[in-house]
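Undergrad: One structure, as structure tokens, below. Some questions next.
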Amino acid sequence: MEVLRRWLILLSMVLMIMQRGEGQLLENFYASSCPNLESIVRQEVSTKFTQTFVTIPATLRLFFHDCFVEGCDASVLISSSSGDAEKDAKDNLSLAGDGFDTVIKAKQAVETQCPGVVSCADILALAAREVVVLAGGPTWEVELGRRDGLISQASRVTGNLPEPEFNLDQLNTLFARNNLTQLDMIALSGAHTLGFSHCDRFSSRIYSSPIDPTLDSSYAQQLMDACPQNVDPSIAINMDPETPRTFDNVYYQNLIGGKGLFSSDQVLNTDPDSEPTVSDFATNPGNFNAAFITAMRKLGRVGVKTGNEVFMMMQKGKGQLSETFYRTSCPKVESIVRKVVTEKINQTFVTIPATLRLFFHDCFVEGCDASVLISSPNGDAEKDAPDNLSLAGDGFDTVIKAKMEVEKSCPRVVSCADILTIATRDVIELAGGPSFKVELGRRDGLISKASRVTGNLPDPTFNLTQLNTMFAKNNLTQTDMIALSGAHTVGFSHCSRFANRLYSFSSSSPVDPDLDPTYAQQLMKACPQNVDPRIAINMDPATPQTFDNMYFQNLVTKKGLFTSDEVLFTNKASQATVIDFANNPGDFSGAFVTAIRKLGRVGVKTGNAGQTRVDCTAFNS
């Protein structure tokens with residue numbers, strides 16, 4: 001009966017999605033309807049690549065230009081007899097025909113096996129991934145399920161694509177309109193390692209008086225030789241003068257050497273806000289590749305049209321998170337949880353940091369599956385691990401009470417994992433933070449062991465590399481990590497977690513020199529040596545009961561409680577993001593919402609991969 005009930009709920013959701021024209025991108029969207037899709041596209045792209053290398057930069061640039069105008073909907077591919085389609089706009093006239101030809105040929109090949117099934121938008125997204133791989137770059141799973149757009153007008157292009165003379169603020173503003181961060185923008189700019197440009201796009205840098213001083217003089221002379229004044233406008237040159245046929249991080253090394261072709265390239269190194277990221281990518285190709293993958297996947301979600309497609313995962317016992325998962329089966333679940341959370345906060349503010357930390361600890365061990373809530377008479381459950389003993393009971397109590405109330409209205413329907421997720425969103429909002437839609441549909445996990453916690457949670461002494469490595473294991477970027485760290489604005493910590501920074505930092509300095517001296521004295525008064533281990537203090541000494549960007553302002557003034565907090569500011573590779581979040585609360589809130597939603601997808605169990613517990617503290621019998 002349970003399996004049948006879940007199947008019927010999912011079926012009703014699918015029918016609603018079809019009726020409303022809504023949908024969600026999935027990596028296996030065509031698993032049933034066109035299972036050979038990716039291999040077909042790969043073959044066509046490879047064939048085209050053997051004919052001309054231009055296939056690679058042309059296809060990649062085509063994808064970018066498509067997504068930034070009407071969204072990733074293949075509207076750039078439309079031809080108009082009147083010459084007024086998107087591709088006819090002035091900014092698109094330089095798009096090489098080989099990019100268009102690649103997608104058209106791939107579509108023709110796909111149609112022979114899967115007629116009327118796969119969109120041109122999805123084929124372009126797949127082809128963009130394939131050309132990166134063929135050039136020696138990283139691979140990634142492509143989310144699919146886009147529909148092709150119904151609008152393609154040249155007049156709608158102006159102002160939606162970056163200009164070669166843009167400064168950092170202009171770049172960030174344009175990319176932010178598409179939900180892309182500065183880090184995403186810098187990573188996507190790395191595609192210029194394969195790009196080419198016509199001479200008129202940068203001639204002002206070499207023929208004005210004086211020559212752009214940010215240009216390396218030898219490189220400037222090379223550009224003059226290749227692009228003399230009044231050169232044929234069809235002449236184009238490589239944007240990467242060193243390895244123009246390899247997808248690598250040499251683009252960033254070129255920027256450091258004054259060899260960025262556009263002003264909008266070189267500014268990434270000359271502007272102090274973006275320079276640390278350029279330096280990081282120039283010396284760490286793995287960091288660039290990881291950031292590029294994240295950015296390309298995010299780019300592929302810009303303005304997508306989805307819907308009218310049935311998700312066939314029901315046949316395989318799989319599921320998919322959805323913001324409307326309980327719309328039919330438990331329509332009041334969010335209001336029920338909100339009421340319980342509000343009442344609990346009225347009893348104690350600790351509810352807020354305790355619930356937020358509980359969610360993080362749960363997701364980082366077995367995934368977001370409420371395994372941290374399980375109690376064991378043997379003391380060997382996940383919550384019993386040393387790293388979890390400091391989790392405040394108010395977080396557990398909040399979820400348990402919310403579950404009890406939900407069960408009264410919707411027995412055996414809503415998972416504890418989803419209740420914890422909703423409660424986390426609510427405590428953030430009730431503390432003055434941003435609100436956001438919560439994706440739902442998780443199942444509760446079947447494993448909860450203390451032995452599996454070690455090594456899966458960040459330590460307060462971690463450096464930036466250790467933090468990035470751990471978060472990357474959960475598909476979270478450095479920007480995600482920094483944004484999630486901002487939750488410490490409402491956090492608290494026991495004295496033992498940072499005592500070494502006050503009393504035994506090093507042989508030459510018992511106090512960590514990265515601590516503000518006045519703040520260090522405050523900490524010593526609150527946490528004298530041999531203090532009761534139960535004593536805890538606020539992690540944000542300024543606004544500890546408000547979810548805001550004060551945490552980042554504290555870091556700038558050396559008031560980060562943990563080493564792993566302060567390192568976000570002292571390390572040049574992350575400092576720019578900290579400064580941005582300290583100065584721009586909107587940037588922090590936006591990044592935090594993105595990161596917390598991504599965190600909520602870590603290791604989730606859906607479909608038949610888990611259960612819906614009746615009691616959050618015990619597995620169903």
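Here the Cβ of each residue, glycine as well, is placed from N, Cα and C on the backbone.
TrEMBL lists these features:
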SIGNAL    1-23  signal peptide
DOMAIN    24-329  domain 'Plant heme peroxidase family profile'
DOMAIN    320-620  domain 'Plant heme peroxidase family profile'
DISULFID  CYS330-CYS410  disulfide bond
SITE      ARG357  site 'Transition state stabilizer'
ACT_SITE  HIS361  active site, proton acceptor
BINDING   ASP362, VAL365, GLY367, ASP369, SER371, GLU382  Ca(2+) 1 binding site
DISULFID  CYS363-CYS368  disulfide bond
DISULFID  CYS416-CYS616  disulfide bond
BINDING   PRO458  substrate binding site
BINDING   HIS488  heme b binding site
BINDING   THR489, ASP540, THR543, ASP548  Ca(2+) 2 binding site
DISULFID  CYS495-CYS527  disulfide bond
Undergrad: Express the distance between the Cα positions of GLU382 (Ca(2+) 1 binding site) and HIS361 (active site, proton acceptor) as a whole number of Å.
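TA: Approximately 10 Å lies between the Cα of GLU382 (Ca(2+) 1 binding site) and that of HIS361 (active site, proton acceptor).
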Undergrad: Looking only at SER371, THR489, THR543, the binding-site residues on record, which one has the least crowded Cβ, with the fewest other Cβ atoms within 10 Å?
TA: THR543
Undergrad: Would you count the other CB atoms within 10 A of the CB of PRO458 (substrate binding site), including those on all shown protein chains?
TA: 19
Undergrad: Should any of the recorded positions ARG357, CYS368, SER371, ASP540 have a Cα within 10 Å of the Cα of HIS488 (heme b binding site), which are they?
TA: ARG357, ASP540
Undergrad: I'd like the Cβ neighbour count for CYS527 (disulfide bond), meaning other Cβ atoms within 10 Å of its Cβ, all protein chains included.
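TA: Cβ-Cβ neighbours of CYS527 (disulfide bond) within 10 Å number 22.
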Undergrad: Averaged over the domain 'Plant heme peroxidase family profile' (24-329), what pLDDT does the predicted model reach?
TA: 91
Undergrad: Taking each of ARG357, CYS363, CYS416 in turn, which of these recorded positions have a Cα lying within 10 angstroms of the Cα of ASP369 (Ca(2+) 1 binding site)?
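TA: CYS363, CYS416, listed in sequence order.
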Undergrad: I want the residues beyond ASP362, VAL365, GLY367, ASP369, SER371, GLU382 whose C-beta is within 8 angstroms of the mean position of the Ca(2+) 1 site's C-beta atoms, in chain order.
TA: CYS363, PHE364, GLU366, CYS368, ALA370, VAL372, GLY445, ILE447, SER448, GLY603
Undergrad: How many whole Å apart are the CA atoms of the residue listed as 'active site, proton acceptor' and CYS368 (disulfide bond)?
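TA: Between the Cα atoms of the residue listed as 'active site, proton acceptor' and CYS368 (disulfide bond), the distance comes to 9 Å.
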Undergrad: Sort the recorded positions VAL365, CYS416, CYS616 by C-alpha distance from ASP540 (Ca(2+) 2 binding site) and give me just the closest.
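TA: Sorting the recorded positions by distance from ASP540 (Ca(2+) 2 binding site), the top entry is VAL365.
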Undergrad: What is the set of residues, excluding THR489, ASP540, THR543, ASP548, whose C-beta falls within 8 angstroms of the centroid of the C-beta atoms at the Ca(2+) 2 site?
TA: VAL490, ALA542, PRO544, GLN545, THR546, PHE547, ASN549, MET550, TYR551, ASN554
Undergrad: Expressed to the nearest Å, what is the distance separating GLY367 (Ca(2+) 1 binding site) and CYS410 (disulfide bond) at their Cα atoms?
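TA: Answer for this pair: 24 Å between alpha carbons.
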